Structure formats: C-alpha cells, structure tokens
C-alpha cells in the first residue's frame, strides 16, 4: 500500500510541476531520486514522500544521495512531502536539522509551498 501511495504522490507532483511549465521525468523504483524537473532556467532533483503521520524520518544516507546527485546534475535538491489531509510541503535539505541517523520533518518544520519553491510565492504561508 505504501508503494502505491508514494507512486500516486509522485504522479500528482508531476502534474503540478507540468502545470507550472516544467518538463518532468519520473524515475520509478528505488533509485537515487524520484523526479527530475526543469524549465530551461531551473532544475530540480526531487525526493518525494507521502505520509498519513504528522512526522516523517528520512535516513541521512537517502538525503545525502539526493544532495550528491543534484550537485552532479547541476540541479537543486528538494524534499517534497505530501502530508495526507494537509497538503504538499517542500524542503531544502540544507535547512533541515538531523540527528545521528535521520532527518525529522513534521508539521512544525518550516517549509516552502510549491510557488515558494519556484520563486512565485505571494503569501506568507509556510514562511512564518
């Protein structure tokens, strides 16, 4: 069930990014990243997660793989989390705190909206 929810979230995010003018490639399976998106000016390397919980733990090595790939690709690393019944939230890995083994993201963690991520934010949602 988790795989299906995650794949569904990936497809939903693909449609959202395409509606904002991005070309998007989805990498199905357990690879380094889930989505690569670009619009000719900006390139995003995205790890997608979906959870019914109010918090999420990501292994440090998964985030490091994302950052490493994005660096080699010339893109910006992004963690996209869909909190079910809350919505999408976007995080830059360098702005997250982590413990010895994992990063923790919860509903209190400062985040960006999709428009904020793309530099088109018009409200303070997620900023404060």
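Just so it is clear, glycine is given a Cβ too, placed from its N, Cα and C backbone atoms.
For reference, Swiss-Prot has these:
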type	residues	note
ACT_SITE	30	active site
BINDING	10, 34, 47	Mg(2+) binding site
SITE	49	site 'Transition state stabilizer'
Cα-to-Cα gap, residue 34 (Mg(2+) binding site) vs residue 49 (site 'Transition state stabilizer'), nearest whole Å: 9
Distance [Cα-Cα, Å, rounded] between residue 10 (Mg(2+) binding site) and residue 49 (site 'Transition state stabilizer'): 8
Residue 34 (Mg(2+) binding site) - helix vs strand vs coil (DSSP): coil
Residue 10 (Mg(2+) binding site): tally of other CB atoms within 10 A of its CB: 21
CB contacts for residue 34 (Mg(2+) binding site) [other CB atoms within 10 A, all chains]: 24
Residue 47 (Mg(2+) binding site), number of other Cβ atoms within 10 Å: 23
